[in-house]
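Engineer: The structure's right below; bear with me while I get my questions together.
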Amino acid sequence: MFRKIGIEALKQVTKKYARKQNRWVKNRFLSRPGPSAPPVYGLEVSDVSKWEESVLEPALEIVQSFIQGRKPTATPIKMPYNEAENKRSYHMCNICDRIIIGDREWAAHIKSKSHLNQLKKRRRLDSDAVNTMESQSISLDHDKEPKEKGSPGQNDQKLKCCI
């Protein structure tokens, strides 16, 4: 019983890890490939019974072709590319105090963990400043109210005496 539970848990974390790796490869090498990014090849891995013919053999052929200095028969994966995208556009991120060149890089920066953390930090500081200003204005309002000595009944008696 515990063995089956352990196997199922291992399968779950393995799938999660594989998805995380695929997302990393996509973001690192496919979404914004730089000049040093290697080509990425996709292999069909959904059918485990055909592992050798659909994964192992094509992978070995790709590696052998690189070792021998020739081009592999398989074609690398290419991400869809927008021709209207401006590669030389200039963007200034006031939150991170950085200059970003290119529309794709700008879009990636806006979604990046560092930018989102800076944005969160800025919002927290702004809300703290607003709360501080509000508390100061409330305390100033209380200071402006006329302070009367004694209870209201005592003030009425003083007025009656003077009349």
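Including glycine, each Cβ sits where the backbone N, Cα and C put it.
Okay, so TrEMBL annotates it like this:
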COMPBIAS  129-139  compositional bias 'Polar residues'
COMPBIAS  140-150  compositional bias 'Basic and acidic residues'
DOMAIN    91-115  domain 'Zinc finger double-stranded RNA binding'
REGION    125-163  region 'Disordered'
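On this model, are these features tucked inside or out on the surface, and what's nearby?
Structural biologist: Taking DSSP states H, G and I as helix and E and B as strand, the domain 'Zinc finger double-stranded RNA binding' (91-115) has 12 helix, 7 strand, 6 coil.
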Engineer: Could you give the number of helix, strand and coil residues in the compositional bias 'Polar residues' (129-139) as assigned by DSSP?
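Structural biologist: Helix (H, G, I), strand (E, B), coil: 11 helix, 0 strand, 0 coil.
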Engineer: Across the domain 'Zinc finger double-stranded RNA binding' (91-115), what does the pLDDT come to on average, as a whole number?
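Structural biologist: Value for the domain 'Zinc finger double-stranded RNA binding' (91-115), mean pLDDT as a whole number: 88.
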